[in-house]
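Scroll down for the structure; my scribbles are underneath it.
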């Protein structure tokens, strides 16, 4: 335990040192670093990460980690609103982001908590109270119609993202066709399980078994095409920033249908929250860049508050989808969507995607959109490729450092509480989830570094 803890501490120190050195390399010698703007944001981001990490010493706070993280994310939103209101440059994105945190809090508390994951909800549960007020028929109709409406909205947003971000014609049309087919199969799968529509047994079997497999196959094929296009497409056919956005959007569209399928009917609503939150963070990042009134080569580091908000949002999404850092909190039913027979590799792979898809895979793959905003504010004299690479590396290092700090503190807490009554019920599972999450995050960051280079 001591050796493992020492290695984690050395890892955190090494990542922090590399980040500081990279910042020094990126800073031109003829420009003064605006520390008056960077240091307060860096201190605020470090405070948020420290508070969340310190809360893991208590088993009660581990149980309430989703609410704690949502509280810290809302705190960062309120701080941003207060700063903007003081300076007189309040934007609608800040209000939407704050409102989004309210929806996320209700999502964690109500329909996507561990209570509702069981066969029935308790009588005093808020969902049951709503059903008693409006009637069970209204709840049944809403639970069948609302996911379809959310899925249609997600489809429109994703198609617009593809049209905007993907610049290579063949890749764009292939991803658009694959996305439309995947979401159509997802809707077909939900319709086959609906009690409002009458289906024959053959139609239900086809919808429940073949539709998910088609979604998995399309996602795998899209992933292969994206990698092949990265390896064999002409390097100079597109500008570097457009190439980054094309590759990132293609990778996101390859993973998202499978994750959406495994999350079930709540997946479309969670996807809307994820997309809206990501859009708000990116817009606020651009606002920070404009408020700094700096050329992009004069920026010291990427905004650490934006990366911290991205990390906190990912944790909120983990609990928003009904997951818990306990072994009985795993959604084992997701591993059998589209399959009736058990195969340890196949079901383990699907369960891993369901558990870490919305909290680790999608957030890490979306990080380039936090860094690529620099192109829009770069001057014509700047070396846009070098700047984009530097900011992209900084964003990935910040995100990995936040995850490493949390995991290191989790190890310290497990060491301190090794004789606690809940050591095997809460502290050890929390350590396992954080360690696997850190390993997955570092692996994705390494693969992304090669993929975007």
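Here the Cβ of each residue, glycine as well, is placed from N, Cα and C on the backbone.
Among the features that TrEMBL reports, signal peptide is placed at 1-16. What TrEMBL records for 145-166, 173-191, 211-232, 244-262, 268-284, 296-320, 356-375, 387-411, 431-452 is transmembrane segment.
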Discussion item. Can you tell me which recorded stretch out of 145-166, 211-232, 356-375, 431-452 has the most Cβ pairs within less than 8 Å of the transmembrane segment (387-411)?
Written reply: 431-452
Worksheet item: Which residues of the same chain, at least 6 past either end of the transmembrane segment (356-375), have a Cβ under 8 Å from a Cβ in it?
Response: 241, 244-245, 248, 251-252, 255-256, 258-259, 262-263, 270, 274, 278, 281-282, 285-286, 289, 296, 299, 302, 306-307, 310-311, 313-315, 317-318, 321, 323, 384, 387-388, 391-392, 394-396, 399, 436-437, 440-441, 444-445, 448, 452
Worksheet entry | Cβ contacts under 8 Å made by the transmembrane segment (431-452) with residues that lie 6+ beyond its boundaries | 227, 230, 244, 247-248, 251, 325, 356, 359-361, 364-365, 367-368, 392-393, 396, 399-400, 403-404, 406-407, 410-411, 414
